[in-house]
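The structure appears right after this line, and notes come after that.
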Amino acid sequence: MDAGASDDAAVQGTSNDAAVSRESAASLGYISDPYIRHFVKHPQRRAPLINRGTHSRFEGVQRILRQFISKANSDSERNNGQVVVLGAGVDTSYLLLRQQEFDVGMYFEIDFAEVTAKKAATIFRRTANLRSMLPEDTQIAAGGTEIHSSTYNLLAGDLREFESHVVPKLFARGLDCNKPTLFLSECVLIYLDSLQSDQILDWITRNISNAGILTYEQILPDDRFGRMMIENLRNRGLELRGLHAYPTLQSTSQRFLTRGWHRAAAIDLATYHEHFVQKSELARLAKIEFLDEWEEFILLAQHYAFTFAYTSDTYPFNSMDLKKI
Ligand SMILES: C[S@@+](CC[C@H](N)C(=O)[O-])C[C@H]1O[C@@H](n2cnc3c(N)ncnc32)[C@H](O)[C@@H]1O
């Protein structure tokens with residue numbers, strides 16, 4: 001195997017890490033996700049500070065996703081919004097939205113074929129009973145690496161070849177450039193060279209008039225904790241290639257503004273935990289597990305950022321929330 005291929009295998013493996021953390025938080029009651037357990041072969045209980053971080057990460061993403069879908073679909077047209085999840089791994093958000101009877105509209109998930117094949121196999125595994133959560137016309141496609149339906153599509157593709165390889169698949173499955181669209185990237189673009197991820201962002205601004213994006217990625221590579229974080233990942237064959245180009249909260253939001261996006265804002269996970277998670281929810285979490293590593297938690301959480309940006313002032317999103325940021 002050449003170096004590039006072995007790096008890719010390590011990056012694909014991060015979908016399992018994310019799933020194990022989510023399963024840990026779900027099984028302890030931090031978050032409500034009855035589906036993630038089907039995607040995790042070897043569950044592990046994570047440390048309390050990791051579970052706490054997973055809770056805030058999950059809540060932040062679900063909040064934006066639900067706001068977008070509710071607003072996009074409360075306009076005159078139903079099923080108006082589209083969601084595109086970049087590097088979706090075994091993210092279960094689509095299943096959760098269906099469980100909660102959201103009118104989801106078009107929903108696309110993209111990842112390497114190695115990852116989508118496993119996800120598709122799990123969804124179709126009879127014992128998991130997940131197939132019934134998907135639209136009636138759902139079919140397994142592309143040799144088992146994709147799932148196609150009129151509204152939900154799991155697509156295999158390499159984001160480093162977004163325009164030539166991924167975009168044609170999105171169009172073939174019904175992406176509509178005229179619909180309000182939310183892109184999600186949870187710990188994904190950071191694995192790409194910044195030139196490659198910038199190309200994705202530029203394609204979005206050139207082609208989708210009413211687009212928004214939520215990214216959740218690492219920041220602050222240059223302090224002691226940041227250097228340790230990079231070293232730990234490097235020891236596992238993982239390189240955060242995009243980190244140095246946009247290393248701070250300010251630069252991650254500036255990135256969008258200088259590329260022609262209408263508004264952008266970024267907060268770190270520590271701020272989200274302190275100001276966005278409700279006090280009653282924090283009290284509930286405190287009863288699940290005692291967290292005595294507060295300093296470590298804050299330090300860790302300061303190295304992860306949510307960045308939200310959109311291209312048009314008609315974007316279906318509650319801008320009050322952005323003002324709080
Ligand atoms: C840390 S995991 C996160 C998965 C999911 N977003 C979540 O939060 O649960 C990163 C995901 O990005 C995917 N990914 C990274 N680089 C990619 C690329 N060039 N093309 C397609 N997928 C990629 C990996 O395969 C992996 O599933």
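Placement of Cβ uses the backbone N, Cα and C atoms for every residue, glycine included.
The S-adenosyl-L-methionine binding site annotation in TrEMBL covers ARG57, GLY87, ASP158, LEU159, GLU186. Other Cβ atoms within 10 Å of the Cβ of GLU186 (S-adenosyl-L-methionine binding site), summed over all protein chains shown, number 23.
Among the binding-site residues listed (ARG57, GLY87, ASP158), GLY87, ASP158 have a CB atom closer than 6 Å to some atom of ligand 1, in sequence order. Comparing the binding-site residues ARG57, LEU159 by how many other C-beta atoms lie within 10 angstroms of each C-beta, the top residue is ARG57. Counting neighbouring Cβ atoms within 10 Å of each of the binding-site residues (GLY87, ASP158), the lowest count belongs to ASP158. DSSP assigns ARG57 (S-adenosyl-L-methionine binding site) to a helical segment in the three-state reduction.
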